[in-house]
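Report on the structure given below.
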Amino acid sequence: MAGFGAMEKFLVEYKSAVEKKLAEYKCNTNTAIELKLVRFPEDLENDIRTFFPEYTHQLFGDDETAFGYKGLKILLYYIAGSLSTMFRVEYASKVDENFDCVEADDVEGKIRQIIPPGFCTNTNDFLSLLEKEVDFKPFGTLLHTYSVLSPTGGENFTFQIYKADMTCRGFREYHERLQTFLMWFIETASFIDVDDERWHYFLVFEKYNKDGATLFATVGYMTVYNYYVYPDKTRPRVSQMLILTPFQGQGHGAQLLETVHRYYTEFPTVLDITAEDPSKSYVKLRDFVLVKLCQDLPCFSREKLMQGFNEDMVIEAQQKFKINKQHARRVYEILRLLVTDMSDAEQYRSYRLDIKRRLISPYKKKQRDLAKMRKCLRPEELTNQMNQIEISMQHEQLEESFQELVEDYRRVIERLAQE
């Protein structure tokens with residue numbers, strides 16, 4: 001028995017040692033993948049230019065790790081405009097294939113699943129492509145030009161927004177490179193069917209000078225799908241929107257979304273613009289853009305706002321900027337908050353009740369449906385009692401929802417004040 005115990009202890013210790021050794025060969029792919037947008041040769045050695053993915057689970061699993069390497073680096077460097085790519089895997093050491101019958105993950109194979117062929121693997125070839133970048137020009141039709149002041153002041157950076165499609169020469173290949181960023185920055189990203197002509201593409205570029213020549217750098221993009229609405233309308237739906245990390249926080253998302261709305265206003269057949277599974281950050285962005293667009297419309301004057309939400313607001317928002325009724329209501333609520341004196345008890349009460357009436361509508365419907373079902377299953381007294389409990393819970397949830405909404409609306413108003 002003593003011998004058996006010693007053997008068991010040895011096995012436990014051996015297993016622990018093996019697990020510890022294997023753990024040394026696990027790498028977090030969110031930090032192992034290094035992304036870079038290259039404009040100048042010196043950018044290759046400049047760590048300030050490096051940025052990292054937010055998500056890698058679609059290629060490397062829920063734990064977002066790669067096994068089998070120490071000091072793993074997955075280099076994905078892109079020339080800033082054309083997005084010509086250099087892909088290389090580097091590491092300090094790799095697990096021995098004979099080590100306890102384990103083998104390293106095929107990191108290169110996983111990355112090849114999403115990046116198109118034709119990439120470089122060495123620096124010299126990449127620098128040769130960089131020298132030809134002066135020939136790269138944006139695709140499609142120029143829609144909008146705007147400037148952003150340098151954070152240090154004294155210099156304006158110029159940006160342009162273009163609309164493109166797959167008939168533009170070279171755009172299909174460019175888009176294949178561009179869409180790879182989705183996997184790193186959108187949690188549920190997937191690639192679209194580019195052969196479907198209903199897709200529209202909106203691209204943001206920075207226009208800059210290099211050695212006396214004008215060049216362009218990719219900033220971000222949006223894809224929009226045009227759904228058919230019976231009998232003769234379309235409803236553009238925003239599917240994907242991404243501003244690359246080095247350009248975030250500079251207002252490009254707002255410029256892009258506003259430009260898209262203004263573009264579609266020119267088409268009488270467009271009913272309104274929606275979004276596919278919008279994130280919280282997208283909803284905040286949309287709130288800001290739509291309020292900015294609508295704030296000077298006559299139907300959203302202070303006098304009209306204080307009288308409550310009405311059909312004129314719905315019609316004018318739809319006709320002027322392709323905004324649907326639900327979004328027009330949010331615009332009204334934000335602008336109503338802007339003109340409401342919250343220190344005035346009567347104005348505050350009127351605003352609070354107006355918002356809560358809208359918030360409680362689905363609760364009331366749910367309660368009516370629930371009451372009908374329970375009458376078939378339980379005595380009336382018990383049903384009434386349970387309904388009272390639900391009403392109490394609804395009031396708490398309603399107040400919480402109201403306060404959260406007001407907080408979100410105030411952030412939009414603060415941003416408007418900074419414009």
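Any Cβ shown, glycine's included, is placed from N, Cα and C.
What Swiss-Prot annotates here:
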- Ala2: N-acetylalanine (MOD_RES)
- Lys9: N6-acetyllysine (MOD_RES)
- Lys15: N6-acetyllysine (MOD_RES)
- Ser190: phosphoserine (MOD_RES)
- Trp199: site 'Interaction with histone H4 N-terminus' (SITE)
- Met241, Leu242, Ile243, Gln248, Gly249, Gln250, Gly251, His252, Gly253, Ala254: acetyl-CoA binding site (BINDING)
- Glu276: active site, proton donor/acceptor (ACT_SITE)
- Ser343: phosphoserine (MOD_RES)
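In the shown protein chains, 17 other C-beta atoms lie within 10 A of the C-beta of Gly251 (acetyl-CoA binding site). The DSSP secondary structure for Met241 (acetyl-CoA binding site) is strand. Residue density at Trp199 (site 'Interaction with histone H4 N-terminus'): 17 other Cβ atoms are found within 10 A of its Cβ, drawing on all protein chains shown.
Listed in chain order, the residues near the acetyl-CoA site other than Met241, Leu242, Ile243, Gln248, Gly249, Gln250, Gly251, His252, Gly253, Ala254 are Val219, Gly220, Phe247, Gln255, Leu256, each with its Cβ within 8 Å of the site Cβ centroid. When each of the binding-site residues Gly249, Gly253 is scored by how many other Cβ atoms sit within 10 Å of its Cβ, Gly249 comes out lowest.
When the alpha carbons of Met241 (acetyl-CoA binding site) and Ser343 (phosphoserine) are compared, the span between them is 39 angstrom. Comparing Cβ neighbour counts within 10 Å across the modified residues Ser190, Ser343, the minimum falls on Ser343. Distance from the CA of Ser190 (phosphoserine) to the CA of Gly249 (acetyl-CoA binding site) is 25 Å. Candidate recorded positions: Ile243, Gly251, Gly253, Glu276. Nearest to Trp199 (site 'Interaction with histone H4 N-terminus') by Cα distance: Glu276. The recorded positions listed here (Ile243, Gly251, Gly253, Glu276) include no residue with a Cα within 10 A of the Cα of Ser343 (phosphoserine).
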